[in-house]
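Colleague: Quick one: this structure, given as structure tokens, is what I'll be asking you about.
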């Protein structure tokens, strides 16, 4: 098989678009990997700080920032991401998902340049804010794009590529940062931060060669392009394929339903009909932060300092959890579509609070005060004595096990889930608000955690353990199952108001809708529906084809 055939490369001219001169790739896995490079950038950001905060060259060059200042530098990226997430839907809904991904790449590159060239704390913060805005665009647009373009049976796998890219980005840049520790002077962090531009450049180029979201095109009455894209992804270009026609009919009927509520705004997310989805989406992203994982990522060097590890030993030990994060995410890409979202999230929550309480218990029992801090850092106020290796190893093992259960559950599951629960009309703004919530709590934790480590030390883990208990309970009672359902069926499941714990085997019966002439189009999700629409001479698909031909 040639590379062109494997990529499903098609030289299709799309009228009236900036991207019409470029051939497009229709291999859904390649599409997903390109769109989710924004996740790689997110991971690069996390590791770019965690690999540098313990180095003397970083501390000396940036005037030995205290815990509050360091929290501000770290949080500046999340602050920019929060802003970018809220702005993103205005571009994504008006100009397309691809435009948002291009803005993501452009802002990220600009921010990386400023960070690489930073002369002081202020310039570093400005660069991180701009890069953060890019990540805000990407974290809102990429999961939405992947959920809208993927066939239902593999939607979890494709959408999960975003989180997989995050884990790869963390691991890759951490090891780059570790290698740069052996370089003298400011070049150590400048090379590390400068290399952040690479995924931005790849995304900038790659977006030209992926198709637009068919659901976005349908919402903008561009049916010919919608048909071509769905056909090329699902059936190698066969527009008459039964599965292709069925997906197009689902999209068309959802567009009819959505057309009754144009100009959907953020305030509409809090109306009675939409509020349950909004609560679930916002709380899911909130819990992903409050479970403590990003604390493990941003501040892993501090954690291992508490366990008695210093210098290169600390960095090497810290890097293992980044490898585990990648390795444990890979099987989840395929298993989440087999076992479902709810079981994965609930089991993950149970094990996460187990290991958080384990870390807290070991540190509370075996650590001793460390006046003046550890290794010159007053943020770390306790340490396990060097002779107590069993306790130190217990902290390390619990940290690793936490990562092993977070990665395949709340790591990958939430970005998939929040891109599925909203309908076409709500999806851009609903996903953006959910992502903005993630970034808001990311910002708050980046500011809070250094001070928490300094003032309450091991009790910090008790707080995150309690949060993990709470998220497990809410997941059981409020998070419906979305596995194997079309996006349109998921929307109807909310309308039917089925208890979350009964949704795994529930098959929604979508309401009868009519075309503009009053003809019934049948029940969406009902096997008879396909025959109803095919036999209806005035169905929307035939009328849209006629309209295209007349034009």
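Glycine residues also receive a Cβ, built from the backbone N, Cα and C atoms like all the rest.
Feature annotation from Swiss-Prot assigns topological domain 'Cytoplasmic' to 1-27, 92-98, 145-155, 212-289, 337-343, 417-432, 481-551. Look at Swiss-Prot and you will find 28-48, 71-91, 99-119, 124-144, 156-176, 191-211, 290-310, 316-336, 344-364, 396-416, 433-453, 460-480 tagged as transmembrane segment. What Swiss-Prot lists as topological domain 'Extracellular' is 49-70, 120-123, 177-190, 311-315, 365-395, 454-459, and the listing cites sequence analysis. If you look up Swiss-Prot, you'll see 388 marked as N-linked glycosylation site.
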Colleague: If you count Cβ pairs under 8 Å, which stretch among 99-119, 290-310, 316-336, 433-453 touches the transmembrane segment (460-480) the most?
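Modeller: By Cβ pairs under 8 Å, 290-310 leads among 99-119, 290-310, 316-336, 433-453.
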Colleague: Is it the case that the transmembrane segment (433-453) and the transmembrane segment (99-119) touch, counting contact as three or more CB pairs under 8 Å in which the residues of each pair are 6 or more positions apart?
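Modeller: Result for the transmembrane segment (433-453) with the transmembrane segment (99-119) is no.
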Colleague: Take a look at 71-91, 99-119, 124-144, 191-211, 396-416 and tell me which one has the most Cβ pairs under 8 Å to the transmembrane segment (156-176).
Modeller: 396-416
Colleague: Hey, which bits of the same chain come close to the transmembrane segment (396-416), Cβ under 8 Å, at least six residues off its ends?
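Modeller: Contacts of the transmembrane segment (396-416) (Cβ under 8 Å, skipping residues fewer than 6 from its ends): 139, 143, 147, 155-156, 159-160, 162-164, 166-167, 284-285, 287-288, 291-293, 296, 300, 303-304, 307, 309, 317, 320-321, 324-326, 328-329, 331-333, 335-336, 341, 344-345, 347-349, 351-352, 355-356, 358-359, 362, 471.
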Colleague: Could you name the stretch, out of 99-119, 124-144, 191-211, 316-336, 344-364, with the greatest number of CB pairs under 8 A to the transmembrane segment (28-48)?
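Modeller: Ranked by Cβ pairs under 8 Å, first place goes to 191-211.
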Colleague: Quick check on the topological domain 'Extracellular' (120-123): DSSP residue counts for helix, strand, coil, in that order please.
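Modeller: Helix (H, G, I), strand (E, B), coil: 3 helix, 0 strand, 1 coil.
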Colleague: Which residues, sitting 6 or more apart from the residue listed as 'N-linked glycosylation site' on the same chain, put a CB under 8 Å from its CB?
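Modeller: Set apart from the residue listed as 'N-linked glycosylation site' by at least 6 residues yet with Cβ under 8 Å, we have 308, 366.
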Colleague: Can you break down the topological domain 'Extracellular' (177-190) into helix, strand and coil residue counts using DSSP?
Modeller: 8 helix, 0 strand, 6 coil
Colleague: May I ask for the residues of the chain that lie six or more residues beyond the topological domain 'Cytoplasmic' (417-432) and have a Cβ under 8 Å from a Cβ within it?
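Modeller: Distant Cβ neighbours of the topological domain 'Cytoplasmic' (417-432) are 85-86, 88-89, 92-93, 140, 143-144, 146-148, 155, 159, 215, 218-219, 251, 254-255, 257-258, 261, 264-266, 268-269, 274, 277-278, 280-281, 284-285, 341, 345, 479-480, 482, 487-488, 490-491, 494.
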